[in-house]
């Protein structure tokens, strides 16, 4: 299958050129070091929290399983961006082979799909914990959480695999992508063959990507707000403490995706170049760093201490 994929892509186009890079001289080494340090920090904080959750039995609860899935996805998305970005920063010729470009597109877009669905399931989990605290352990069990996580990843991969299979069949008349990374929309714009099917399924895919997570999020928070207005002060405090990190993560990721859509579909030549770069990479850089910081504060200190003490025995 991999051999067929490579031959299919090479039969139409062998490489793309990333046109957003500019010659910066020796500053590229500074940019490389800063980007590498950021990637190292993201890897360390996410892996640390995954290890804490996996090694501490008291944290083997649905909420922490969803957090673990979220941290794994941050590592997955970061690995689809940073190694590629580091190579391009040091390179003088910003070419990327077509198979590698499509692989990056697959990684980054499935990362986005998993992220939104994971946040949607977490909102439903918080709804059950706040609105049905006595029945929570029955309504959201360990096995149900595992099934939710498996469905999230499988659904996201299959949905975008269809998009990718349609894109690699296209015939391209250009190979310059005006971006720092491979973008699905910008690649399809280079096609000179009929893209009607791609556009129809792409629109359908966007609707699914947005509506499927949005419905449980809206439902959950409407019910949570209703409980907060009618409930006691203790209930409101509990809702605020558990939902604030989730809402912050959801809003941050939504803004990042919105910036990326604006960046790729509209003329941004009047916007300063540095700001364009920040907006194009915002949701891929800030989200993997923000989530472990915010949600890590929700992990009980005793869980971290137990892992540390257990490793010293």
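Each residue's number is its place along the chain shown, starting with 1.
Note: Cβ is positioned from N, Cα and C throughout, glycine not excepted.
Quick look at what TrEMBL annotates:
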- 45-295: domain 'G-protein coupled receptors family 1 profile' (DOMAIN)
- 29-52: transmembrane segment (TRANSMEM)
- 64-90: transmembrane segment (TRANSMEM)
- 96-121: transmembrane segment (TRANSMEM)
- 142-162: transmembrane segment (TRANSMEM)
- 200-219: transmembrane segment (TRANSMEM)
- 239-262: transmembrane segment (TRANSMEM)
- 274-294: transmembrane segment (TRANSMEM)
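Counting Cβ pairs under 8 Å that are 6 or more residues apart, the transmembrane segment (200-219) and the transmembrane segment (274-294) reach fewer than 3 and are not in contact. For the domain 'G-protein coupled receptors family 1 profile' (45-295), the predicted model reports an average pLDDT of 86.
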